[in-house]
Ligand code: HEM
């Protein structure tokens, strides 16, 4: 029979959820092995690091969720649009307020890589909403997977009680992360895409991981510099520090100045 002899099913299958996982496998390994994530996994997360990470996550989710909301009825977004269960923006606002106080908005500090990431999110939200699924997948399924371990590490390392400061990691609207991920995957698989669009989604997912890796690398650079500056080392860096410009003072309340080192830190 013809069907029995048909070409063997590809190892990754034809479902978008399987293809995207396979396409980003190497990128996932690289993301896990960024210095920031390695330090994190060893429990070496300080409040300064975490605050800086929260700032970038805030900008990323502000862009991602604005574009998802705007395209909520788009056929490639509607099946994976779960604001009740997944939206992170408000949780990040609570966490930022916890650490920075009521005027936290003025203290948001992000590196250039975060800015590039959010620009891309806004661009595809406007011009190619088909690709939003790649970004939503990368962030939300990550948060529901390894992110859960990172939440526990943060709580322990920073000695936080309850959800204070770590609302970002909690998903009260999701009873079982595994079951929800299964539902999410099946919704991804229901999106109708041409072969060309599918290839673009897979490429965009790799890019989404790349953006995250670049953000982590920039954050790590910022942190290395602040540590050097505060320990009195890093004379090479002092000539490039922002210390002469109050507008460029690093807004973490630790009174440390930052070096530029090609990062183009964005202050608001
Ligand atoms: C310390 C760093 C990390 C650890 C330990 C980690 C760990 C894990 C684990 C164990 C899973 C599999 C869960 C399962 O199969 O149910 C997973 C899945 C996933 N992670 Fe990570 N991860 C890390 C960082 C990241 C980062 C930085 C991203 C992207 C920004 C990410 C995105 C994802 C995604 C999208 C999945 C879902 C894969 C799928 O089922 O299709 N992870 N992670």
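Cβ atoms here come from the backbone N, Cα and C positions, even for glycine.
What TrEMBL annotates here:
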BINDING   21, 28, 137, 185  heme b binding site
COMPBIAS  1-12  compositional bias 'Basic and acidic residues'
REGION    1-25  region 'Disordered'
TRANSMEM  247-267  transmembrane segment
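Features per TrEMBL, on structure.
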residue: 21; record: heme b binding site; Cβ contacts under 8 Å, 6 or more apart: 12
residue: 28; record: heme b binding site; Cβ contacts under 8 Å, 6 or more apart: 209
residue: 137; record: heme b binding site; Cβ contacts under 8 Å, 6 or more apart: 20, 80, 184, 188, 205, 208
residue: 185; record: heme b binding site; Cβ contacts under 8 Å, 6 or more apart: 15, 17
(request) Could you tell me the maximum Cα-Cα distance in Å between the residues recorded as binding heme b, namely 21, 28, 137, 185, rounded to a whole number? (result) 17
(request) Could you find out if DSSP has residue 28 (heme b binding site) as helix, strand or coil? (result) helix
(request) Compute the centroid of the Cβ atoms of 21, 28, 137, 185, then list the same-chain residues not in that set whose Cβ lies within 8 Å of it, in sequence order, for the heme b site. (result) 17, 20, 24, 138, 141, 205
(message) Taking DSSP as the reference, which of helix, strand or coil describes residue 137 (heme b binding site)?
(response) helix
(request) Sort residue 185 (heme b binding site) into helix, strand or coil using the DSSP assignment. (result) helix
(request) Look up residue 21 (heme b binding site) in the DSSP assignment and report helix, strand or coil. (result) helix
